[in-house]
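Annotation comment: TrEMBL describes 32, 33, 34, 35 as ATP binding site. Look at TrEMBL and you will find 6-51 tagged as domain 'ParB-like N-terminal'.
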């Protein structure tokens, strides 16, 4: 995509928004690097995103043993 008029054709980046046990906010993006690059190449100053609010127990499915303690 090289035409800014086609920006609506770029799917939003998926962002997982997880609340920690003490109310902290944690944001994770998995995949989406090509969508990020498309926004960048179009010269957009913002990136469309879809916030997904999973249960904290879902995060280890993505991060495995690297899952931090979320406070």
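Each Cβ is built from the backbone N, Cα and C atoms, and glycine gets one as well.
The Cβ centroid of 32, 33, 34, 35 marks the ATP site; residues of that chain outside this set whose Cβ lies within 8 Å of it are 13, 31, 36, 37, 38, given in sequence order. Secondary structure of the domain 'ParB-like N-terminal' (6-51) per DSSP (helix as H, G, I; strand as E, B; remaining residues coil): 13 helix, 15 strand, 18 coil.
Here the binding-site residues are 34, 35, and the one whose Cβ sees the fewest other Cβ atoms within 10 Å is 34. Cβ environment of residue 32 (ATP binding site): 13, 14 lie under 8 Å away, each six or more residues apart in the same chain.
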